[in-house]
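What Swiss-Prot records for this protein:
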type    : residues                                               : note
BINDING : Gly90, Ser91, Val92, Ala93, Val94, Gly95, Lys96, Ser97 : ATP binding site
Amino acid sequence: MDDKMNYYPISREEWHGFYHDGKAPLTEAELDNIKSVNDQISLKDVQEIYVPLTHLIHLYMKEFESLTLSKGLFLHEYVSVPPFIIGIAGSVAVGKSTTARLLQRILARTFKRRNVQLITTDGFLYPNKVLEEQGIMDRKGFPESYDMEKLINFLNEVKSGKDEIKAPVYSHSVYDVIEGEYELIQQPDILIVEGINTLQLPANQQIYVSDFFDFSIFVDADPALIEKWYLERFGALLDTAFLDPNNYYYQYAIGKREDAFAMARNVWKTVNLPNLEEYILPTRGRADIILHKTENHLIDQIYLRKY
């Protein structure tokens, strides 16, 4: 079954025509600071893709606030507007992090009085020590490697308006959750949640992460392209890791390059590709917006959910 049958397919040119105000919401220097390793994005992408997307998100936000007000009228009591949560899903190396950081910056710039924060679900991975104890270190990134109950409780606290919540922090250079290190989430008006598992429906859960989302985005591309980007990113990480013995990639950076890339290709084949095909791609049809990428991370097609 076509998982895009209930979407409006929109070309890049048509999408840009829906909303453009001629103003650049950020500078080239700010954009360079936002980009992930080896990701490619330009101010033209910001204007043609992300400015209209921000406008669409604002429409969803207004409807969300209106519904909250209506609930209060029905209940004959004041109901505060909970945080508006945006979920961003997609494969490893597809550019989710850049999309998330860019949206955070544009939303904060556009809605100056709104507190816009961002977390990644990587922080809710079980620590490596736990994965090793459970014998699932080779399944890191698969659904069972995440503490979903902890993530769901975190999102429930966010929606409930708790003053200050600790979000665990993951380090890609250490390749592990950093014990005792947290990011403070302090009553955001908008929270962006980025991760490969944000739209998944684990069989053992009665409440899903996506139940807390008010808008969701899936960053999509052909798996062969994603593999190419994954290997390019791996090479870029090796180029800096050899300077730091504490970096997870140091062991590969100081050895033979061909051996390191053979390892990376094997990880893609045995971990990332199966995870994409079995658990990530099947969630694509649950997103409100699909951003489809082609060569050089260029977004060529947008899919807007009909219903």
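Glycine is no exception: its Cβ is also placed from the backbone N, Cα and C atoms.
Apart from Gly90, Ser91, Val92, Ala93, Val94, Gly95, Lys96, Ser97, the residues listed for ATP, the same chain places the Cβ atoms of Ile196, Val219, Ile226, Trp229 within 8 Å of the centroid of those Cβ atoms. Within the same chain, the residues at least 6 positions away from Ala93 (ATP binding site) whose Cβ sits under 8 Å from its Cβ are Ile226, Trp229, Tyr230, Arg233, Asn272, listed in sequence order. Of all the binding-site residues listed (Gly90, Gly95), Gly95 has the fewest other CB atoms within 10 A of its CB. Reduced to three states, the DSSP call for Ser91 (ATP binding site) is coil.
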